[in-house]
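Written out below as C-alpha cells is the structure these notes cover.
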Amino acid sequence: MAKNNEYIELPWTMNSSSGDDEAPKDPRTGGEDFTQQFTENDFEATPPAQRVQFILGEDVDDGSHVSHPLFSEMGMLVKEGDEIEWKETARWIKFEEDVEEGGNRWSKPHVATLSLHSLFELRRLLVNGSVMLDMEAHNLEVMADLVCDQMVSAGTLPPGVKDKVKDALLRRHRHQHEYAKKTRLPIIRSLADMRNQSSSKIEEQSSGHTLGATTPISQTASEPGPPGSNGNSNLSTTGGGGGGMGRFLTVPSGKPSNRTLEKKSKSSKNLRPAQNLPVITEDMVKSPSNQSMARPSSGTELSEQQGHKGNTHFMRKIPPGAEASNILVGEVDFLERTLSCFIRLSQAAVMGDLTEVPVPTRFIFILLGPPGSQSNFHEIGRAMATLMSDEIFHEVAYRARKRDHLLSGVDEFLDAVTVLPPGEWDPTIRIEPPAAIPSQEVRKRPPELPKEDVDEEEEEQRLREESGLSRTGRLFGGLINDVKRKAPWYLSDYKDAFSMQCVASWIFLYFACLSPIITFGGLLAEATGKHMAAMESLVSGFVCGMGYGFFSGQPLTILGSTGPVLVFESIIYEFCFKMGWDYMTFRFWIGMWVAGICIVLTAIDASALVCYITRFTEENFATLIAFIFIYKAIENVVVIGKNFPVNQGIYDCVCTPPLGSNASVVDYAKYNWDSCASYNGTLVGGDCGTPPTENVFLMSVVLCAGTFIISTILKDFKNALFFPSIVRQYISDFSVLIAIFAMSFFDYFLGVPTQKLEVPNELKPTLDTRGWLIPPFTERNPWWSPIIAVFPALLGTILIFMDQQITAVIVNRKENKLKKGCGYHLDLFILSILIAICSVMGLPWFVAATVLSINHVNSLKLESECSAPGEKPQFLGVREQRVTHILIFLTIGVSVLLTPLLGHIPMPVLFGVFLYMGVASLKGLQFFDRILIMFMPAKYQPDYMFLRQVPIKRVHLFTVIQLACLIILWLIKSFSQTSILFPLMLVVMIGIRKALDLVFTRRELKILDDIMPEMTKRAAADDLHKLDAENTKFDTSKQLWRGYLTPTETSV
C-alpha cells in the first residue's frame, strides 16, 4: 500500500518535461540561469507564490499543456424517482451559478464564497488521494477502468467494490436544461440497453443466486493489465466484433463469457444490503457517455445510444477554445472510506453527456464516500470548481508534472484568499460580481524591484515620441510621421465602420451637429449683417466635415462652430463697419494669414507644445464647454417662456355657428381654434389670425425635459435586466434618436404650435449682393489692409490652435484606448487648408468642437460581447473609423433637400439633446467628480484611487484652484469686452498649472494630474535623489496596497 504522501508513478503520468536537461528559467531574471537562485530541491522550502511562478515560468514542452479557458460543472449522485443519476448542481465560467432549491432555474451568477475548512479538506484529499496526470482515455468507461485499477493498486479501493464504483461512475448525467424541457424519463430506450438488461437476467439465472439491486452493468472490456502496462493495450471485445477493434468498447451480444460470470460471482460476495441511500439498480438507464464515441458497426452490434443534446444556447457564453472540468461528488453505501481522484487527460475529449455543453473534457475530479457526508462533499466540490475557475490555479493544473505542483497551486490560492469573519456577514448572501476585476498577472510573476537607473524624463520623452508630440528637428517632420503612422490604418478606417453602432452614432451626431449649425448661423447673421448666416454655415459644415473626415489624422474629432469664433467674427465686422471697409474681403486676408501661420506651425512641429496641456487645462476647458451647453439649453427654453408667457390676456377669438344653422353660439364656443373649421364654424375676433400660445412654454419644457430623460435612461439601458443583450445594445445605441422621434410625435399629436427647426430651402448665399467666391481686392479697402490683417490673424490663430488641440488631447486620452495613433500635426495641416477654402468662399470657420467630439467618442465605445455569466462587459476601446464623420456632414450638406421633414422637429427637442450632451460629457471628468466630493461627508465618498493616495485636504485644495480658474474663464467668456481674450487665458491656464509645481509634490500631481515636461534637464543630483526616494516610497505604498509586501517585510 502506498504511503499518504507517496506519488504513484503510472504510465499516464508525465514525470519529466523535455526541458529537464536544461535548468529552468526564472521569469524574473530575463533568461538567466535560475538554478543559482531556485532549484527543484528547494521547491518545498520556498513560499507558494514563488513555487507557482517557477511552475508557470517553465517552457511548455508541447501543445497538450497549453492553458485553455475552462468551463467547470459539478454533478452530484442523486436519486430521481427509481433511478440513480448524476445531477448537475452548479457551474462556473468565471462566477458560480447554482441550481436553486426549487430545482427549476439557475441562480444569478455570484462570487463563490468558500469555507476554509473545505479548502483544507480539498488539500488533504489531493495529498492522500489519487492524482492521475496525462491519462490516455477517450471515453468515460476507459477513464473509469483506469481510475478503479489505480485505486485498487494503491490499496485505497477494496477489489470487491471495484465494479460498484465503476458502475456509479457510469451512471447517467442529467443537466438542468434537460429538466426544463423534459421532466419524465424517456419511454423508448435503445436496443443496446434492453440487451444489457436481458443479458443481466441470464447471468442471474445461470449464477444460481440473486445479485440483487447492486448488480453492475455487464463488462465491455477485459481486465486491464498491471499498472506498469499501457492502460488501453489490454482492452478487448467480449462480443463478436472480431479483432482489430483496438481500444474501442462494444456492447456484448449473446451469452456473457465465463470470465465475466466469474467476475460477477466474486463481486457479488462482497455486496452488502442498501442502507440509507439508494443504490444502483439494474433497470436504470446507463449513461451514453460510457459507450464509445467512435466504433465500427456490424450486424450483431448496435451503436445506437440515447441522444444527448447539449445546451447550445449557453454555448455563446463560453469563450472559444474552452475545455471542461467536471467535478463528480456523491455518497454511496458500499464504501467505508472516502475515495478521491484528480484526473487530467492527455488530450481533451467529448465524453457524451458528461458535460452540459459540447466542449471537450480535460479535468475530472471524483469524490465518493460513505453516507452522511453529502453536505461536506458538496462544499469540497465547490472548492475544487472554484479553484479550477481561478486564472492562476487552472494554469498550474495544465502545467503540473506531479502532485506537489497541484499542492503549490492550492497553497498559493490560500495565500491570496480573503477571509470574512463569520459574525460580521451573512454567509447566505450572494456577493454580486464586481464591475471590474484586477489583473491576476501580478500573481504569475514576482513584484518588480524599483528600477534605480530609469530616468523618468527619458520615459516621458519616449511616450511623447510615440504620440507624435516631440520635435523632429526637420521641416514638416511631425506631419510626415503622422502620415506614416496613419497610412496603414486608412483602409481599416472604412472597414471598421460596418456596424449598427456606427449608424446610431451617425444619426445621433447629425441632429446634434445640425441644430448648433442652424443656431450659430442665426447668431452669425446678426453679428455680420447677414454676410454669413444659416446657409453659409450648412455649406461650411459640408465642406469642412467632408475634407476633415477623409484626410484628418483623428476623424473622431467633430468640427463645429464655437462661441469664441463668433465673438472674433463680430469684432472684425464692427471694425470694418466703422472703417467703411468691405468685411468679406478683409476677412479673406485674415483667413489667408491664419492658414499660412498654421502651416508654418505645422512645419516647425508646434503641435509638440500640446504636451504642456495636462488634465488640469483640458478638464477645465471641457467642463466649461459642457456647462455652456447646459446653460444655453436652459436659457433657450427660458427665452421661449418670455416670448410665449403662460399668463396672457384674454384670447379674442371664438367659434360661431355657420349662417342658417339652428345651433347656438354656446354650442360652437367649445370648439378650439384648430377644430372650428372642421365643424363648418367661423372664427370671430381680433386674435383669430394666430393660434393660442399660452401652452407653448409648458409644452417646450415637457419636450426638452422628456428628450433629456428618455435619452439618459435609454443610454444606460444596455445594463438593464430586461430583454436579450443585443436588444438592449440597440436601444442604448439609438437612445437619442428614439427620444427625438418620440417627443416630435408627441408634439405633433397634441398640436401645440411650438417653435420648429428652420432650415434654408434654397442653395444660395443669404445676401444677394455676394457670391460663393470672395474677391481678394476691392475699392473700399486700402492697399495696405491685407498687410495689417496679420495682427487679428495672430489672435485668431491662437484661438483656433487652442480650440483644436485641447479637443484633440481630450479625444486622444489614454483612457479611450485608441489603437490607431494620434495625428496632431496632420489635423492642424488639414484644418489650415479648410480655413483657406472657407475664407475664399466666404464661409464660417469650423474648428474642433469639444462636447460634440466627446459625445462622438462615447457613442462609439466598444465593450466585450462574449462574457461569462455575471461578468460585466469590459471596455475594449473605441470603434475608430472615418465613415460616421463623413456621413454626418454629408447629411448636413443635403439638409436643404430635407427641409419638409426637418421642419416638423420642435426646437425644444433639440435643446433637450443639447442638455443631454452637456451632462453626458461631464461623465468621466475627474474634475467634476472632485467637485461633487467636496459636498459629500467622508463616509459617503466614492472609493476613488486618488482619495486613497492623496490626503483629502490636498485634493480639495487642488479642486478649489481648478474651480477658481474655471470661474475666471466663464467670466471672461461672458462679457463681450473681454471674450476676445479667452484663447489667451487658455495659455495662462498652462502657466498656472506650471506654478502648481511649487504648491504640490510631484507625486500628488502625478496622481491628480499629469506630469508636465521639464523646460530644462535637472542637473542637481540632490533633486534626483530626492525624487528617487519619493518614488520608492510611493512604489512601496502601492505594493502594500496591492498585497505584494507585508508590513513585516517592509519594516525589515
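Each Cβ is built from the backbone N, Cα and C atoms, and glycine gets one as well.
Features as listed in TrEMBL:
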{"type": "REGION", "residues": "1-35", "note": "region 'Disordered'"}
{"type": "COMPBIAS", "residues": "22-31", "note": "compositional bias 'Basic and acidic residues'"}
{"type": "DOMAIN", "residues": "69-207", "note": "domain 'Band 3 cytoplasmic'"}
{"type": "REGION", "residues": "196-318", "note": "region 'Disordered'"}
{"type": "COMPBIAS", "residues": "207-222", "note": "compositional bias 'Polar residues'"}
{"type": "DOMAIN", "residues": "280-427", "note": "domain 'Band 3 cytoplasmic'"}
{"type": "COMPBIAS", "residues": "287-309", "note": "compositional bias 'Polar residues'"}
{"type": "REGION", "residues": "436-467", "note": "region 'Disordered'"}
{"type": "COMPBIAS", "residues": "441-452", "note": "compositional bias 'Basic and acidic residues'"}
{"type": "DOMAIN", "residues": "474-1013", "note": "domain 'Bicarbonate transporter-like transmembrane'"}
{"type": "TRANSMEM", "residues": "503-525", "note": "transmembrane segment"}
{"type": "TRANSMEM", "residues": "532-551", "note": "transmembrane segment"}
{"type": "TRANSMEM", "residues": "588-614", "note": "transmembrane segment"}
{"type": "TRANSMEM", "residues": "621-641", "note": "transmembrane segment"}
{"type": "TRANSMEM", "residues": "696-714", "note": "transmembrane segment"}
{"type": "TRANSMEM", "residues": "734-751", "note": "transmembrane segment"}
{"type": "TRANSMEM", "residues": "783-802", "note": "transmembrane segment"}
{"type": "TRANSMEM", "residues": "823-847", "note": "transmembrane segment"}
{"type": "TRANSMEM", "residues": "886-916", "note": "transmembrane segment"}
{"type": "TRANSMEM", "residues": "955-972", "note": "transmembrane segment"}
{"type": "TRANSMEM", "residues": "978-996", "note": "transmembrane segment"}
Intrachain neighbours beyond the transmembrane segment (783-802), with Cβ under 8 angstroms and 6 or more residues off its ends:
564-565, 568, 571-572, 581, 585-586, 589-594, 597-598, 601, 606, 776, 828, 831, 835, 845, 847, 980, 982-984, 986-987
Which of 503-525, 532-551, 588-614, 955-972, 978-996 contacts the transmembrane segment (886-916) most, counting Cβ pairs under 8 Å:
532-551
Same chain, outside the transmembrane segment (734-751) by at least 6, Cβ under 8 Å from its Cβ: which residues?
504, 507-508, 511-512, 674, 699, 703, 706-708, 710-711, 713-715, 717, 904-906, 909-910, 912-913, 916
Proximity of the transmembrane segment (955-972) to the transmembrane segment (621-641), 3+ C-beta pairs under 8 angstroms:
yes
What else in the chain is close to the transmembrane segment (696-714), if you only count residues 6 or more beyond its ends and a Cβ gap under 8 Å?
633, 637, 640-641, 644-646, 731-732, 734-736, 738-740, 742-743, 746-747, 750, 752-755, 906-909, 911-913, 915-916, 919-920
Give residue numbers and ranges for long-range contacts of the transmembrane segment (532-551): same chain, 6 or more residues beyond its ends, CB-CB under 8 A.
513, 517-518, 520-522, 524-525, 557, 559-561, 569, 758-760, 762-766, 826-827, 830-831, 833-834, 837-838, 841-846, 882, 885-886, 888-890, 892-893, 895-896
With a Cβ cut-off under 8 Å, give me the same-chain residues at least six positions beyond the ends of the transmembrane segment (621-641) that come close to it.
563, 696-697, 700-701, 704, 754-755, 806, 810, 850-851, 854, 907-908, 911-912, 914-915, 917-919, 921-922, 925, 927-928, 966, 969-970, 973, 986, 989
So if I exclude everything within five residues of the ends of the transmembrane segment (588-614), which remaining residues of that chain have a CB under 8 angstroms from its CBs? That is, six or more out.
464, 468-472, 475-479, 572, 774-776, 785-786, 789-790, 792-794, 796-797, 800-801, 805-806, 808-809, 824-825, 828-829, 831-833, 835-836, 838-840, 842, 845, 990, 993-994, 1009-1013
